[in-house]
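Here the structure is laid out as structure tokens; the discussion comes afterwards.
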Amino acid sequence: NEYQTYLTDRNPQCILNEPLRTDTVSTPVSGNELLEAGKECDCGAPANPCCDAATCKLRPGEQCAEGLCCDQCRFMKEGTICQEAKGDWNDDTCTGQSADCPRNGFYG
């Protein structure tokens, strides 16, 4: 399929980059799976062990509530693969400082 070949060969960032969950302009709403201004985590599910459902803030001592580089409320170690390589691109790895999985943008 030409579309899949294009994505693999060209790796177009305008299509493949997922917007940050913090890049929203809506009014904060609990449980909408978005991280609007004033929220540290989406507090829709009281069962989330990382997020206080009453305040939408991380529980004391926790670093993150979700993300490809978040495991059990902690940032994954620097260098942990969060997205395997596609085509000629290298693996994307965690920074150890964030729950987000940054695209490295380098060819292998």
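Cβ from N, Cα, C; glycine included.
From a predicted model like this one, the values you see are computed outputs, not experimental measurements.
Now, the feature entries from Swiss-Prot:
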type	residues	note
DOMAIN	1-19	domain 'Peptidase M12B'
DOMAIN	27-108	domain 'Disintegrin'
DISULFID	Cys41-Cys56	disulfide bond
DISULFID	Cys43-Cys51	disulfide bond
DISULFID	Cys50-Cys73	disulfide bond
DISULFID	Cys64-Cys70	disulfide bond
DISULFID	Cys69-Cys94	disulfide bond
DISULFID	Cys82-Cys101	disulfide bond
Self-check item: Cα-to-Cα gap, Cys43 (disulfide bond) vs Cys56 (disulfide bond), nearest whole Å
Solution: 5
Quiz item: Looking at the disulfide-bonded residues Cys41, Cys56, Cys70, Cys73, whose Cα is closest in space to that of Cys101 (disulfide bond)?
Solution: Cys70
Quiz item: If you count Cβ atoms within 10 Å of each one, which of the disulfide-bonded residues Cys43, Cys64, Cys69, Cys70, Cys82 comes out on top?
Solution: Cys69
Quiz item: Would you say which of the disulfide-bonded residues Cys51, Cys56 has the most Cβ atoms within 10 Å of its own Cβ?
Solution: Cys51
Quiz item: Mean pLDDT, the domain 'Peptidase M12B' (1-19)?
Solution: 69
Quiz item: Counting every protein chain present, what is the number of Cβ atoms, excluding its own, within 10 Å of the Cβ of Cys101 (disulfide bond)?
Solution: 20
Quiz prompt | Set of same-chain residues at least 6 away whose C-beta sits under 8 angstroms from Cys50 (disulfide bond) | solution = Cys41, Leu58, Arg59, Glu62, Cys64, Ala65, Glu66, Cys70, Cys73
Quiz item: Judged by the number of other CB atoms within 10 angstroms, which among Cys41, Cys73, Cys94 is the least packed of the disulfide-bonded residues?
Solution: Cys73
Quiz item: In angstrom units, rounded to an integer, how far apart are the Cα atoms of Cys69 (disulfide bond) and Cys82 (disulfide bond)?
Solution: 6
Practice problem: Please report how many Å separate the Cα atom of Cys56 (disulfide bond) from that of Cys94 (disulfide bond), as a whole number. | Solution: 24
